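Undergrad: These came from TrEMBL, pasted as-is:
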- 9-139: domain 'EamA' (DOMAIN)
- 152-286: domain 'EamA' (DOMAIN)
- 7-29: transmembrane segment (TRANSMEM)
- 35-55: transmembrane segment (TRANSMEM)
- 67-84: transmembrane segment (TRANSMEM)
- 96-115: transmembrane segment (TRANSMEM)
- 122-140: transmembrane segment (TRANSMEM)
- 152-170: transmembrane segment (TRANSMEM)
- 182-201: transmembrane segment (TRANSMEM)
- 216-236: transmembrane segment (TRANSMEM)
- 248-265: transmembrane segment (TRANSMEM)
- 271-290: transmembrane segment (TRANSMEM)
Amino acid sequence: MFNSIKLYSAIVLSMVFWSFSFIWTRVAIHSFQPMTLITLRLILASLLLFVVLKSTGRFQKLRRKDVKWFLSLAFFEPFIYYVGETYGLTMVESTLAAVIVSTIPLFAPVVAFVVLRERISWSNIVGIVVSLIGVFFVIYEPTGGLKANPQGVALLFLAVFAAICYATVLRKVPDYYNNMSVIFYQSLLGLLFFIPTFLVTDYPTIHTLRVSGESLIALFMLSVFASVIAFVLFAGAVRKVGVTRTNVFVNLIPVFTAILSWVILDEILTLSKWIGIVIVVVGLFVSQWGKIKFNKEVEEIL
């Protein structure tokens, strides 16, 4: 019983850290330009992961034949994903960003059907339709029309697309690598894409940077808690209860983010937004309904 409490506490904690990441990003971009923020975040996260891997004896060398897969991973996530998410957060509120990003599990089966010819269930289709209705409620106000910046929404859906492509490529990565090594190498190789982009977009105006203490703290929290600790906690949980059961908890991220945005960023949560959040979460649960099985292994853990 105690072990199950620790396990599910770890899962919920990783969801809280990822929910906070939308808040920390909004705080950090008050001082840092998006590309500067992402590049610094990846450098810090890569250094921390390297230290942890070395100190725990879990470091694995990257095999030459696998470089192409890790470069593909790094291109989709962190590069395209972080660009879409971070630039999107400069244009829309944290709550909306979390709602859109939370739809990743919905669209993943669609891409798997198109690319890998995997079967897509009716629960997936219904979940997608229901959740898109929820997103509409979040971005649309009955009295004011479309409230969200269309470009920001498009960038966030670009992040969703990148995450789905990442998950598809991840299947090609050999099981030889542990989860932390995968995260380390995709972060490290991601810098090959970010550093040249940073030198072109942000470096010419780097001398004008005025960094506040709050933004530095937000950068640290993003690097340590969102980019490292949350992934480690989540990966450990996946090994214990499986991907499907663990992913159910991802549905909590929009709710946590909405509450945190209201408390910390003073975002206004209208009735329409709350209705939209609830509809999205319902859609996520519907899409996963057919996959959730209480098998003997899970029952033993509980």
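Note that Cβ sites are derived from N, Cα and C of the backbone, with glycine treated the same way.
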Undergrad: Treating G and I as helix alongside H, and B as strand alongside E, what does DSSP give for the domain 'EamA' (152-286) in helix, strand and coil?
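TA: Helix/strand/coil tally for the domain 'EamA' (152-286): 115 helix, 0 strand, 20 coil.
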Undergrad: Find the member of 35-55, 122-140, 152-170, 182-201, 248-265 that has more C-beta pairs under 8 Å to the transmembrane segment (216-236) than any other listed stretch.
TA: 35-55
Undergrad: For the transmembrane segment (35-55), name the stretch out of 7-29, 182-201, 248-265 with the most CB-CB pairs under 8 Å.
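TA: Looking at each of 7-29, 182-201, 248-265 in turn, the most contacts to the transmembrane segment (35-55) are made by 182-201.
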Undergrad: The transmembrane segment (271-290): which same-chain residues, six or more beyond its ends, come within Cβ distance under 8 Å?
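TA: Tertiary neighbours of the transmembrane segment (271-290) are 95, 99, 102-103, 105-106, 109, 121, 123-124, 126-142, 244, 247-248, 250-252, 254-255, 258.
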Undergrad: For the transmembrane segment (7-29) against the transmembrane segment (122-140), do we get 3 or more Cβ-Cβ pairs below 8 Å once near-sequence pairs (under 6 apart) are dropped?
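TA: Output no: the transmembrane segment (7-29) is apart from the transmembrane segment (122-140).
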